[in-house]
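Participant: Summarising the annotation, TrEMBL assigns compositional bias 'Basic and acidic residues' to 179-189. Positions annotated as domain 'Plant heme peroxidase family profile' by TrEMBL: 119-331. Sequence annotations record features per position, and here TrEMBL assigns region 'Disordered' to 159-189. According to TrEMBL, the feature transmembrane segment maps to 20-40.
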Amino acid sequence: MLSHVSRSLRVRAAPNARQISAVPLAVAAAAIGGGGYYYYTTQQEAAPVAPKVDYKKVAEDVADALDDESHDDGSFGPTLVRLGWHSSGTYDKNSNDGGSDGSGMRFAPESKWGANAGLHKARAVMEKIKSKHPEITYSDLWILAATAAIEEMGGPHIPFRAGRTDKTENKCTPLPDGRLPDADGRDHKDAPADHLRDIFYRMGFNDQEIVALAGAHALGRCHTENSGYWGPWTNAPTTFSNEYFRLLLEEKWTPKKKHEGKAWTGPFQYEDPSGKLMMLPTDIALIQDKAMRPFVEKYAKDEEAFFQDFAKAWVKLTENGCKNLTAEPVW
């Protein structure tokens, strides 16, 4: 098991932040369960680090911008993670388009997708950081911000490589809507795990990586005004941990019938006995699917294993489709 060393993004460091050793990325890619992925050696060409970008200072400024009592649970952290994930989750290995390179969500129609509802708030926070560091591209900023936020909220340190470029609006070819997952399973409402496979296999992921990335649902909450769903997944929605997996297994999840004393009229979702926590159909699918459940059980018991597998999958998610990343991590 890799050793973990605490790393501070700012003077008031996250108390549980962990350090993931920066093993050679080609080796890390091959080590992912299911193997056979060579993104770091075949898809990407090394580019020199732009010396004028102080990535450490950018990450520190991101950390300083997270706390905001006017936002959900007092932190923009979960929203920034969602921004990084949604900007990356459009990748298609077959057409070799989409992904974090280009930051297409700055423009319509991608900015208007239902799956991206509410992310204008995260983009507004990023504009403030961009104004302080105009030399960094939006594409790099969004991914670095999400990666730094994960660590700041108690998660692992994940190596970040720079070199993503920004597209202009007139050169940004619109991607087809529907590349991001739907909470209800879309065309597989009776088997939401198959919908997850449709989405994630398209990006080159396997079942283990799907489950690992789902662990990010330890963070944040759903909003009726954005997705129609309501509530947080965990009791500590601004802390990155394995609580999501533990709750999936330990709580009794039943269909939500009422909300604040009235009949629930939103989309189908699950709730715990207290009615304060929720799970989506695609969350419950992870414990119903025979191939995916063992990974949920593994991560519920072993947070270190979850952190390491999540870090590898996150690097893959955020680097998919990027062709000119630096040879070594810059942060």
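Even glycines carry a Cβ here, placed using N, Cα and C.
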Participant: Short question: which residues 6 or more past the ends of the region 'Disordered' (159-189) have a Cβ under 8 Å from it?
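Facilitator: Non-local partners: 20, 22, 25, 47, 49-50, 53, 55, 86, 89-92, 97-98, 100-104, 106-107, 109-110, 113-116, 136-140, 143-144, 147, 195-196, 198-200, 202, 222, 227, 229, 267-269, 280-282, 285, 315, 319, 322, 324-331.
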Participant: Give me the DSSP three-state residue breakdown of the region 'Disordered' (159-189), ordered helix, strand, coil.
Facilitator: 6 helix, 1 strand, 24 coil
